[in-house]
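I have placed the structure first, in the form of structure tokens, so that the comments after it can refer back to it.
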Amino acid sequence: IRSRPATAMDPSDQKHFGVADYVIFALLLAASLCIGLFYALSGGRQRTTQEFLLADRSMRCLPISLSLIASFQSAVAIIGVPAEISAHGTQYWFLGCAYILGLLIPAHVFIPLLYRLRLSSVYQYLELRFSKVVRICGTLTFIFQMVIYMAVCVYTPALALNAVTGFELWGTVLVTGLVCTLYTAMGGLKAVIWTDVFQTVVMFAGQLAVIVVGVHQTGGVSEVWTKVWEGNRISGLDLNPDPTERHTFWTLGVGGIFLMLSLYGVNQAQVQRYLSARTEREAVRSCYMVFPSLQLALALGCVTGLVMFARYCGEDHSGKLSGVAGDTMVIYFVMDMLQGLPGLPGLFVACLFSGALSTISSAFNSLATVTMEDLIKPHFPSMTEARATTVSKVLALSYGLLCLAMAYLTHLMGDSVLLVALKILGMVGGPNLGLFCLGMFFPWANSTVSRSRSVLLRAVPSGLRRFYSLSYMWYSGFTCFTVIVVGLVISAITGPMKKENVAPGTIYPVLEKLTALLPERLRKKCCCETLQGRTVGRQFSQNQQKTSHDASYFDLLKRGWVIKNCAQLFSEGLRLFMKISFYMVL
């Protein structure tokens, strides 16, 4: 960690807002507050935890999908992706390849299993499968991850805007944090989802406006293409297998899969939206609908970076941009392009802060959920519904204030905000992904993993210190497999879990095909046959009335070769990566 370089921009080069810009920015904040107020006064008026935390499980796939993209497409991505492309070229664009399996696997593995268990917190699964200690560890890890990440998200746009326009830094942080905290605490998950829908539209509109105006002022599409080609910013397919290379097809297209799985498969902020869906089918569809939105968001960010490079290549800006980091340069480019066009600078700033609001509101709501469901309710089982709802609102408010405090520490980070955010998500989200994979795909993994949690948490950082040169895009995959390998070894040493001790419905039956050639004695020892048959079926039958209109679990597995092959591909990928990890260690 190091201090950010001081910005030394000439005041004469700072860009300023006009009246129309202030109006548009104020409308964004006002509209978000109004949505929160509307859901605070309508429907059940957020009087129950089911309504406040899970939107009464009544949401449809379209708003859920837009909320999912808004939660991921934060201000960090809006600023960070163009800065990355402008500085290093289009290799980062191959992250889009990871979106395929990174969304297909959650849609057909994680969502059906978690939705049918009727959970409120995704970490309830860890108690069902392992023990209460593992559940608490998973919850605390998630809280640690999100508190740091949302601080980065709220601080980043405020810092960039302050550096280029002279906006009051901490005043902007305070206004953003308070507005988001208020509408989240008032309107619950419904307000969060519908403000995300509104903010997603604003984000896409703001980015598109910058691209159209930027291309026009740079001389047209052909001129932009000529400059980025001559500037070597169009990257080819880099198949270098070296995992220490920062960005290659393998680090982005394969390593990125594990990052996506940790976000869209087991992250409470995303899973909570799946659980708010009316039906399981709606939840699965929402995951599918995220794919084109994520591809569009990635494309807009990459094109913005190319236009920014084309605008300034060959020109000397060392005087006016002295000390300005790449992240701040994006804001300078936008204000430079849109200056003199009333309302458009305000539209992009609204786009930027929409990303911040959507991300931190999702974080507040999910943090309130896991704190209530995992840390408070188990100790106060007799708490009334009214009291639980009040406590949930207070928790959302408290996390908002904590975010503002943590934002102050963010200015000590010196890396690109995109790298900081992805490192946080990878290093902390990877171990949680490993725990869920260990529970879902390995029936013999036992609850002794709870007593070895401290060993796992120590093993991960030490492994990262040893392989400090590993690309940050492998962090999630590396930490995930470290947890899986250590968990399986401990389970083998202490004795595999017996089939009668495994909670119904907590095992995904992917091992049925993989163990088909094993002797029946070994299949029974691995708990494969029973857990994939009667045990899982019994749990699903308990929820049959709630999901009667959905396809059965086994029908879902037999729905076509795509699903079957993806499950097999994922399993083979696990085995291949484990071998690679062992070779690296040796």
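Every residue gets a Cβ built from N, Cα and C, even glycine.
It is 247-266, from the ranges 247-266, 327-346, that TrEMBL records as transmembrane segment. Away from its own ends, the transmembrane segment (61-81) comes close to residues 92, 152-153, 156-157, 160, 192-194, 196-197, 199-200, 203, 207, 263-264, 269-270, 273-274, 276-277, 282-283, 285-290, 293-294, 297-298, 301-302, 304-305, 327, 330-331, 351-356, 358-359, 362, 416-421 of its chain (Cβ-Cβ under 8 Å, at least six residues beyond either end). Only pairs six or more apart in sequence are counted, and the transmembrane segment (417-442) with the transmembrane segment (167-185) gives fewer than three Cβ pairs under 8 Å, not enough to call it a contact. In this chain, the transmembrane segment (347-370) lies close to the transmembrane segment (390-410): three or more C-beta pairs between them fall below 8 angstroms, excluding pairs fewer than 6 positions apart.
When Cβ-Cβ distances below 8 Å are used as the criterion, the transmembrane segment (93-115) is approached by residues 85, 122, 125, 235, 237, 247, 249, 252-257, 259-261, 263-266, 271, 274-275, 277, 280, 283-284, 287-288, 290-291, 294-295, 298-299, 302, 436, 440, 505-506, 508, 510, 547, 553, 556, 562-563, 566-567, 569-570 of the same chain, each at least six residues removed from its ends.
Fewer than three CB pairs closer than 8 A are found between the transmembrane segment (167-185) and the transmembrane segment (472-493), and contact between the two stretches is not assigned (pairs 6 or more residues apart).
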